Each structure stands twice: as C-alpha cells, then as structure tokens.
Amino acid sequence: MKRIGIMTSGGDAPGMNLAIRAVARKALSSGLEAYGINYGFAGLVAGDIHEFKAADLDDMVSQGGTMLYSARYPEFAQEESQLKGIEQLKKFGIDALVVIGGDGSYHGALRLTEHGYNTIGLPGTIDNDIPFTDFTIGFDTALNTAVDAIDKIRDTAKSHQRVFAVQVMGRNAADIALWAGVASGADAVIAPGFDYDVEAIANKLKKNRANGKDYGIIVIAEGDANSDAAPEFIDQLKQYGDFDARATVIGHVQRGGVPSAKDRVLASKMGAYAVELLLEGKGGLAVGILENKVQAHNMLDLFDAKHQADDSLYQLSEDLSF
C-alpha cells in the first residue's frame, strides 16, 4: 500500500477536518501518500482528487465543516458508478480509503472494499446515530451549540413568562434532544422512541406556574427532519391551557462552528486508528469508541444493528423536572 484516499460524505459535522488531518498526517508519518477526494463519492467518480502535503493540514484544526466538501450521491449504489470510481482510484494510484460520514456513506465504503479497495469508515455525523460507538464525530459540538442556544432562549422565556418549544436536530435519533434536555434543565423532552403526553406536560407547566416558575422550556427532537415538530407541539399545548408559547427551531447552526476539544480528540484518535487498520491490510470496518476505547466493527454487523439512545437520560430528565 502506497496511497490512501480520504473523503467526507453526507451531512457535514464539526470535527471532520480533524479526522481528515489525522488520517493524512498518520499516513504521511507512516511513509504513505495521502490524497483528498472532494465532494464525497460524486467527486470520486468525477476524479476531483488532489494530493495532501503536511503543510496543507494544520490550519483546519479550528474550522467547522469539511475542507473536502461533501455531497449526497445516491447514484453510487449502482455498480456503474462504482466502477467509474474505481477507474479514478486506479488513475491516481490510490490503494485504500477512509470515508468519513454516516451510515449511508458506509454502504459506499463497503462497496469499494468488495471491489478490492480496503476502506475504513469513520462516524462523522452530529446525530450520534451510528451503532457500535458511544459518540460520533460532531455530536459533542452540536450538543454544546444546542445547549448554548437553549440557555439564551431561557433568558427571554423567563423575561416574558413564556413557554418555548425548542427544536433540535438529530433526524430520527433522540440523542441531541436527550442530552440537551438534561444539560439545559428542560421541563420536558420529546424525542423518538419515548412516549409523551401533551396534557401531562401542560399540567406540569401549570403546576410549575402555581409554584412560582412562570416560564417553561420543552426540548423537541426534529424526528425524521420534521421542521414543524415544535410548532405542532405548541398548537397542541394551547388546547390544554392559556399558555403564551413560542416555537424555536435551532436548525443548521448545530452543524457548523468551531469543533469542541472532545470532538477534536475523538476525530484524531479515530483517524489515526483507521490508518493503522489499513496498514494491517483490513477493510470493510467501521471505527467507533466504546467505553473510551477506540475499536472497529464489521460494517455488515453495523447495518444489521440499531443505535440505542440512552434511556436513563430520559428518566433523569423526568426525575429532575418534576
């Protein structure tokens, strides 16, 4: 093995640049060459590929997004596109790859491994919805962004005695909502996989009001990218009482910004480990961190598994928001 290719695919996540840096610098320090592939699998098929030098890799540590850009490219599920991508790998002499992205990106990575190009997947998504890893690259930063926004919303909620339903990202995963709900001291959390009762939440807010707390914060997961989750909840809530209530959607600000120290270290550990796996001749693996130990699992096992949110966080939120 002489050359490693690196790409980011799917939605961007803070810390992706640190993963790119770690893969490239680990490859260079191991006597290999590192090549960046712009725009994910679309860029691979188009041959939008360039060589990395060590000097290219240090200015990115504090930058969000991905310096390799990203794109969704469902056409790569077709063998014709895969073969075009492989022709580009041959053209540039790339022997193995690291793909940074979510579960959709892993399917493309596995296809390349099946075609004889060992590929390792790194979990780059704010949703924290990848099996076999406690945390994904970008989750911690997105969580902190959400909590910071909720803290600010609390200020105005308290000033105007209002209830705010704050919608966070995460697709079908509950993690951002659960963690942000506990961290921000929300009065309730509404998230996929957890039952909720609007009337019970309304009664809780009324009880709080009677006890001197005349505002409320409800954290709501978007749930399958439903942009109306928070407004719909507000409409339902008003059926159970005279609430001065507002809906706020935090939105894509959670996908950007300076990556947290935790995401930087996590991405660096995972990126370096991916190169070690490739040096051992391994492919078709997804890197994760479990109980603070970086490890790898077969991608096929990952596709058959389902990410489980931390149920105890939901119960903790309920216990602390009586």
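Placed from the backbone N, Cα and C atoms, the Cβ positions cover glycine too.
The following features are taken from Swiss-Prot:
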- GLY11, ARG72, TYR73, GLY102, ASP103, GLY104, SER105: ATP binding site (BINDING)
- ARG21, ALA22, VAL23, ALA24, ARG25, ARG154, GLY185, ALA186, ASP187, LYS213, ASP214, TYR215: ADP binding site (BINDING)
- ASP103: Mg(2+) binding site (BINDING)
- THR125, ILE126, ASP127, ARG162, MET169, GLY170, ARG171, GLU222, ARG246, HIS252, VAL253, GLN254, ARG255: substrate binding site (BINDING)
- ASP127: active site, proton acceptor (ACT_SITE)
Across every protein chain in view, the count of C-beta atoms other than its own within 10 A of the C-beta of GLY104 (ATP binding site) is 18
In the three-state DSSP scheme, ARG246 (substrate binding site) belongs to strand
Closest by Cα to ARG21 (ADP binding site), out of the binding-site residues ARG72, TYR73, SER105, THR125, is THR125
Cβ density check for GLY11 (ATP binding site), other Cβ within 10 Å (all protein chains) comes to 22
By the 10 Å Cβ-neighbour count, the most surrounded of the binding-site residues VAL23, MET169, VAL253 is VAL23
If we take the residues THR125, ILE126, ASP127, ARG162, MET169, GLY170, ARG171, GLU222, ARG246, HIS252, VAL253, GLN254, ARG255 that the record assigns to substrate, their largest CA-CA distance in Å comes out at 33
Expressed in Å to no decimal places, the gap between the Cα atoms of THR125 (substrate binding site) and TYR73 (ATP binding site) is 16
One of the binding-site residues ARG25, ASP127, ASP187, ARG255 has its Cα closest to the Cα of ASP103 (ATP binding site), namely ASP127
Closest by Cα to ASP214 (ADP binding site), out of the binding-site residues GLY11, ARG72, MET169, ARG171, is MET169
Cα nearest MET169 (substrate binding site) among binding-site residues (GLY11, ARG25, TYR73, GLY185, ASP187) -> GLY11
Most Cβ neighbours within 10 Å, among the binding-site residues ASP103, ASP127, ASP187, goes to ASP127
